[in-house]
Structures are given as C-alpha cells and as structure tokens.
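Colleague: TrEMBL feature annotations, pasted as is:
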{"type": "TRANSMEM", "residues": "26-47", "note": "transmembrane segment"}
{"type": "TRANSMEM", "residues": "59-81", "note": "transmembrane segment"}
{"type": "TRANSMEM", "residues": "170-195", "note": "transmembrane segment"}
{"type": "TRANSMEM", "residues": "253-276", "note": "transmembrane segment"}
{"type": "TRANSMEM", "residues": "296-316", "note": "transmembrane segment"}
{"type": "TRANSMEM", "residues": "336-365", "note": "transmembrane segment"}
{"type": "TRANSMEM", "residues": "377-397", "note": "transmembrane segment"}
{"type": "TRANSMEM", "residues": "409-430", "note": "transmembrane segment"}
{"type": "TRANSMEM", "residues": "436-456", "note": "transmembrane segment"}
Amino acid sequence: MGRGKSSDPKDVKKKEKTKMQLKRRIGCFDGVSFIIGSIVGAGIFVSPTGVLKYSLLNVGVALTIWTASGLVSLMGSLCYAELGTALPFSGGEYSHIKRGLGSLPAFVFIWTSTFTKPASNAARALLFAEYATQPFYGICPAPEVLKKCLALAVLWSLGILNGRSVKVTAWVQMVFTLLKMMALSVIAVGGIVLLTGGRKENLARFEDMFGSEMPNASQIAEAFFQGLYAYGGWWSLNYMAEEMKNPSRNIPLTVMTAVPAVIVFYLLVNISYLTVLTPKEIVSSVAVAVTWADRVIPSVAWIIPLSVAVSIFGALNSSMFTLGRLSYAGSQSGHLPVLISMLNVHTCTPAPALIFSTTIASIFIIPSDLIMLTNYFGFSAWLMIGLTCASLIVLRYREPNLHRPYKVFLPVPFVMVAMSFFLVLTPIVWSPNMQYLYAFLFMLGSLIVYLPFVHFKLHFAFFDKITCYLQLLLEVSPADGPDESKCE
C-alpha cells in the first residue's frame, strides 16, 4: 500500500518558508517613507519657481495651483490604491496596464521605462554628486570625472544594498525621509514663526494675494504642469505591492497619509519662502532654500545644501527599489529576459533586475549628454498614468466580481484619464519639436522587438546556456508566483 503525501503542518510551513518569492516585509510606515522619499527630491529646496513664474508672480494663484496639483496627485494615488489592493503584484502601472489593456501597451510601457527611468536615476546620482563635492571646491566647479565617479559609486552602492536586503533598504529609506522632512520642517516652522511675528514686510505678500496681474489660460496650464511635476512619484507604492504587509489595509492607508502630508509641507514651505523673499527674488534665485537660509539662519545655512544631498539620496534609493520591481515584473511576463525575474536564493531579492537597471543607469552617466535626450519623454509618464486609470475603468466593467478591498469613486479615474491626455498633448501642441516625434517613434519601435520575441516567441538556444551560467554565478533561482492568500 503506497504512502500518501505528508500533511504535517510543520512540513507545510517549511515548504511555505522555502518558496522562492518576494516576501511581504514592507509595513505601512515603510510605505509612507518610500512615497514621500519618491516625491520629495531636490526641487522643493532648489527651484520651486516654475509655478510662481508661470503664475506671473501672483502669490494667490501660485498657492492655489500648488494645492490643486496636490489634490490631482491624491486623486491619482487613490486610483492606484484600488488597483494595488485588487492586484497586489510587483510592477506598478506595467502590471495594471497588462491586466486591463493587454500585452502590447504594457510592453510599450516597459520598453520606454527601461531607458527613461534609469536615465532619471543617473540624473539624480549626478545631481547628488554635484551637491556632495561642491563644498570642497568653493566657487570653482568640481571636476566632471570626480562627479561621475561618485555618481557611479552611489548608484552601485544603492544597487548592492537593494539586492542584499529589503529590510535594510527600507530602514535606510526611513532614515533619509525623516532627515529630509526635518529639513523641510525647519523651513516651514521658520516661516510660520516669522509670519506670526506680525512684521509688515513679512505679511506684505499675503495681504492682497490675488492683487497682481492674473495669468492667462495657457500660463495657468503651464504652471499647473510644473506643479504636477513637483508631486511626481506618488505612483511608486504600487511597484512594491507584492511586498506590502496586509496590502488591502496598508496601501490605501499609506497613500492617504503620505500624499496629504507632502501637500501640507509643500504649501508651508512655499509660504515660508514668500514670507522671507519677494516673488522676484524667488524666481531669480539659483537655490531658493539656500537664499532663505542665508536670510533666516545664516550661522547654520550650510545645513540646506547638506539637506539637498540627503533628499536626492533618499529619492534615488526609492527610485532604484521600484525600478528593480518593474524589471522583475516585466521578466515574469516574458517581456524581458527570464534571468531578470529570478531571485537570489539567500535573500529572495530581485538581484538580477537590480543589476540590469543599475547597469543601464551607469551607461547614461558616462556620456551624461544622453540624459538630455530623455527630457522629451516627459509626456510618456502622463500617457502611462492615463492608460493605468483607463485600465481601472476597463476592469470595473470587464471584471465586476474582482475582489476590491478599496474602491475609488468612479468619476475620479475618468477625470484622471482626461487630465493625463491633456498633459500629454499640451507640451506637444504649445511647443512642437521634432524631438517629440523621435520619442514617439522610439516608443513605436518597441514593435520591432515585441512581434518576433513576444508575440511569435522567437527563441535562441544559446541564450539558455548564458542564462544557466549567470544563474549559477549570481546564485539566483526562478521565482514562484506571489502568494495571494496573504494579500488580505
């Protein structure tokens, strides 16, 4: 008589522990630090001038646009919260577009992101290197070679850290987010103290906020575009949905905590700048926070350049974490080489995906002029946000019985789709440029890869040998599917 399979609970538990999959290690506070870390980079410290400039220095209009931009970002993040709780898998927009609209739009997204997102990380690393080295050179520019070497060192240090441990990466993110929020708190509290002091010159800008020249419709739209750019990064949480503890509860809670917190801080910091500096001084300043510190806290003004470097480092860490998950998800769906979806056998982290994205970012650093080319892909970010919100609408009607622990008010995704396509078309219509055509053709160029390798599944046998060799070298193994029983 044959022996049946063991049903000992200890054996079942042991098998669960040895499953090769991403582990749910990210809690609510970690998620908040990742979202805030992704949104708050160097911009609010250095150049929060775009909104004010296109508002024609009208303080009331500028603050209204900062608020409206934050609310639009919150609406978008609530749409993503529904998708993240219903489909808690790695990959963010990629996974949702694939489920809602199909394989081809998802491939276009990952094809574009494979180049633009590492280029963005390269730009952040170079900016960090500039702020970290400049104090040692005074008024002289730091050598380009030194900045590039430091940028590469930071990229690979964070790449290795992300590949070694999710817990340590989350801890680093939390520390750097707290540091940057402390710096913003210094500016915000300083402004409130000066404002409540009642000095006439500090109150002057707020007595008749809407009294100066009003911008026209196109200028308001441009100011709005600048404001939304400053909130970029609110979508980052969905890239790590597969690793969130209790995503049904924590994803909406994290979003509703992090995005409103950023809105409040952005408003307070801008009010603080306007309390100390005139609108003309803000627009003409190279680094607004530094100018503010020189006026208010001159003895410790050095803390602001340090805070900028800290802020960039935190944003870079968060971006590298999410980009690794995007590459991992794309590979799992067969849109990238299979090796990229494998996990390290010791740490269960997507080490090959992180190596892949960090290598591409490093290539962009060496001839840094390449980064300039990706500026013309800015419209693609809002195109993909629009497609993601469209996916939500499609899934609502196509899969009405899909378990949705959180549901956003249905008109919200319709508003987001309309807003997204407006933001895609605006720069192309207002300032037509051949580079936009090249960027669009590059996105269409994904078909050259998609048709043979994804649709017709063209395969070369020697790739299997290379994959096997790299698998042994990197000590990685194919991942099991995500455990959906732990999503609730």
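Cβ atoms here come from the backbone N, Cα and C positions, even for glycine.
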Colleague: Using Cβ atoms only, state whether the transmembrane segment (170-195) and the transmembrane segment (296-316) have three or more pairs under 8 Å that are 6 or more apart in sequence.
Modeller: yes
Colleague: May I ask which of the stretches 59-81, 296-316, 409-430 has the most CB pairs under 8 A with the transmembrane segment (26-47)?
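Modeller: Comparing 59-81, 296-316, 409-430: 296-316 has the most Cβ pairs near the transmembrane segment (26-47).
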Colleague: Among the recorded stretches 253-276, 296-316, 377-397, 409-430, which has the greatest number of Cβ pairs closer than 8 Å to the transmembrane segment (59-81)?
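Modeller: It is 253-276 that shares the most Cβ pairs under 8 Å with the transmembrane segment (59-81).
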Colleague: At a C-beta cut-off of under 8 Å, are there same-chain residues at least 6 beyond the transmembrane segment (296-316) that contact it? List them, or none.
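Modeller: Distant Cβ neighbours of the transmembrane segment (296-316) are 37-38, 40-42, 45-46, 121, 124-125, 127-128, 131-132, 134-135, 154-155, 158, 173, 176-177, 179-180, 183, 186, 190, 194, 233, 276, 287, 289-290.
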Colleague: Using a Cβ cut-off of under 8 Å, list the residues of the same chain at least 6 residues beyond the transmembrane segment (377-397) that approach it.
Modeller: 76, 79-80, 82-83, 86, 93, 96-97, 99-101, 105, 109, 112-113, 116, 229, 232, 235, 408, 410, 413-414, 416-417, 419-421, 423-424, 427-428, 436, 439, 442-443
Colleague: By Cβ distance under 8 Å, which residues at least 6 away from the ends of the transmembrane segment (409-430) in the same chain are close to it?
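Modeller: Distal contacts: 72, 75-76, 78-79, 218, 221-222, 225, 228, 378-379, 382-383, 385-386, 389-390, 392-393, 396, 436.
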